[in-house]
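> Dropping a structure here in structure tokens format, bear with me for questions.
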Amino acid sequence: MLAYNRLPVAFEYGRGAWLWDTEGNQYLDALAGVAVCGLGHAHPAVVAAIQDQAKKLLHTSNIYCISLQENLANRLTALSGMDRVFFSNSGAEANEAALKIARRYGHNQGVDNPKIVVMTSSFHGRTLATLSATGNPKVQAGFEPLVQNFIRVPYNDITALKNLPKEACQEIVAILLEPVQGEGGVIVPDEDYLDQIRLICNQQGWLMMLDEVQTGLCRTGQWFAFQHSKAQPDVITLAKSLGGGIPIGACLARGVAAEVIQPGSHGSTCGGNPLACRSALAVLDTLEQANLASRAAQLGQRMIQSFQTMFGELPQVKAIRGKGLMMGIELDRPCGVLMSHALADGLLINVTASNVIRLLPPLIITDEESDIIASKLNNLIRSFLKNS
Ligand SMILES: *Cc1c(COP(=O)(O)O)cnc(C)c1O
């Protein structure tokens with residue numbers, strides 16, 4: 001199906017932060033498969049784990065115990081301070097699990113028409129419920145009727161949350177948001193935003209649910225982006241980088257939220273299968289051993305600094321922002337064409353929200369490689385602005 005507008009290139013193999021196409025051209029990857037390849041390409045620990053597991057056992061079924069899944073759940077709950085995990089195959093499915101938890105949590109409390117607060121410019125996936133939660137009309141167009149009972153408020157606006165009408169509040173059971181918005185344009189909220197949300201959720205009895213599908217697993221300079229704050233969420237969703245390229249998603253829950261799903265109330269055939277869990281365990285081991293959370297924090301700062309020095313003064317550059325190695329450069333005009341300009345220059349980047357250059361380089365990237373990204377971007381932005 002014609003679901004994608006693809007750039008005219010196909011890659012044959014990769015090593016670290018580099019990719020080679022079928023013609024032998026080399027590219028520096030500053031997108032990492034949209035934050036999936038956090039350890040870069042062909043990381044030896046992930047390769048070895050997949051090879052070894054493929055020889056043993058790929059899949060059984062959630063009808064049986066899966067010890068690799070239990071190990072992975074134990075690692076994730078220890079890292080995040082959560083209690084239980086449900087495994088899926090994607091981010092959208094992880095969010096579906098979160099939305100189902102919220103509704104059931106509501107019904108358990110006698111709320112017959114449970115509502116969930118979501119944000120403007122958010123992204124939560126492409127299934128019917130998650131596209132309904134998404135704050136982007138383009139993602140929803142033509143798929144109405146949408147799943148009902150989402151209440152949308154402006155992102156990074158605590159006053160809007162506090163001003164929700166009393167009648168609505170009685171039916172609200174949860175808030176779902178990204179700790180840093182990715183697709184929406186790499187939007188970093190105020191430092192106390194999550195703490196304020198936690199406070200409101202405590203006062204109102206709402207579940208605080210964080211979509212960490214893009215921000216999770218060291219990307220922002222902490223294991224999870226919420227760990228920059230004091231707030232502990234009730235539900236977290238993960239996917240993208242968790243499997244290092246093998247599809248896997250996870251919905252983590254704590255306290256009452258962790259008890260909502262009982263045998264028979266949710267499921268996934270391949271979710272948490274031995275291969276995906278083995279790969280994810282290798283990803284977590286590597287993130288930990290190489291201390292990639294603090295590396296992402298430190299390198300992200302260094303990259304933002306060099307962007308600021310190189311092109312921060314240009315009047316057409318509206319903002320340079322980010323957290324860790326999740327970075328955005330906002331221009332004063334649509335700049336989607338920069339993706340193909342960069343490609344022609346051997347650099348892989350993304351443009352989101354039409355005028356924000358989004359960078360999600362692998363966390364294993366070296367200082368030298370990050371300098372190449374900065375200098376290539378500098379040239380690309382300057383020549384784009386001169387000619388547009
Ligand atoms: C990518 C993404 C999703 C969707 O994940 P899929 O694996 O494509 O279903 C959901 N939420 C956020 C924040 C994302 O970045």
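Just so you know, glycine gets a Cβ as well, placed from its N, Cα and C.
TrEMBL entries are annotated by machine, without manual review.
Quick paste of what TrEMBL says about this protein:
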BINDING   GLY91, ALA92, PHE123, ASP211, GLU212, VAL213, GLN214, THR269  pyridoxal 5'-phosphate binding site
BINDING   ARG126, SER268  N(2)-acetyl-L-ornithine binding site
MOD_RES   LYS240  N6-(pyridoxal phosphate)lysine
> Do you know offhand how many angstrom separate THR269 (pyridoxal 5'-phosphate binding site) and ARG126 (N(2)-acetyl-L-ornithine binding site) by C-alpha?
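That comes out at 19 Å between the alpha carbons.
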> In angstrom units, rounded to an integer, how far apart are the Cα atoms of the residue listed as 'N6-(pyridoxal phosphate)lysine' and ASP211 (pyridoxal 5'-phosphate binding site)?
11
> Spatially, and counting Cα to Cα, which of the binding-site residues is closest to SER268 (N(2)-acetyl-L-ornithine binding site)? Options: GLY91, PHE123, ASP211, VAL213, GLN214.
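Out of the listed candidates, the nearest Cα belongs to GLY91.
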> Quick one: which of the binding-site residues (PHE123, ASP211, GLU212, GLN214, SER268, THR269) have their CB closer than 6 Å to ligand 1?
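Within range of ligand 1: PHE123, ASP211, GLN214.
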> Measure the Cβ-based neighbour count of ALA92 (pyridoxal 5'-phosphate binding site), defined as the other Cβ atoms within 10 Å of its Cβ.
23
> Just jot down the residues in the same chain as VAL213 (pyridoxal 5'-phosphate binding site), at least 6 apart in sequence, with C-beta under 8 A of its C-beta; none if empty.
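Same-chain residues close to VAL213 (pyridoxal 5'-phosphate binding site) (Cβ under 8 Å, separated by 6 or more) are GLY91, ALA94, ASN95, GLY125, THR237, LEU238, ALA239, LYS240, GLY249.
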> By the DSSP assignment reduced to helix, strand and coil, which category contains GLY91 (pyridoxal 5'-phosphate binding site)?
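Where GLY91 (pyridoxal 5'-phosphate binding site) sits, the three-state DSSP reduction gives helix.
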> For the C-alpha pair, I'd like the distance in angstrom between ASP211 (pyridoxal 5'-phosphate binding site) and ARG126 (N(2)-acetyl-L-ornithine binding site), rounded off.
14
> Out of ALA92, GLU212, GLN214, the binding-site residues in the record, which is closest to ARG126 (N(2)-acetyl-L-ornithine binding site) when you go by Cα distance?
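Comparing Cα positions, the closest of these binding-site residues turns out to be ALA92.
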> Including all protein chains shown, what's the count of other C-beta atoms within 10 A of the C-beta of SER268 (N(2)-acetyl-L-ornithine binding site)?
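A 10 Å sphere around the Cβ of SER268 (N(2)-acetyl-L-ornithine binding site) contains 18 other Cβ atoms.
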> Highest CB neighbour count within 10 A among the binding-site residues ASP211, GLU212?
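Result for the most crowded candidate: ASP211.
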> For the pyridoxal 5'-phosphate binding residues given in the record (GLY91, ALA92, PHE123, ASP211, GLU212, VAL213, GLN214, THR269), what is the largest pairwise C-alpha separation in angstrom?
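With GLY91, ALA92, PHE123, ASP211, GLU212, VAL213, GLN214, THR269 as the binding residues for pyridoxal 5'-phosphate, the largest Cα distance is 25 Å.
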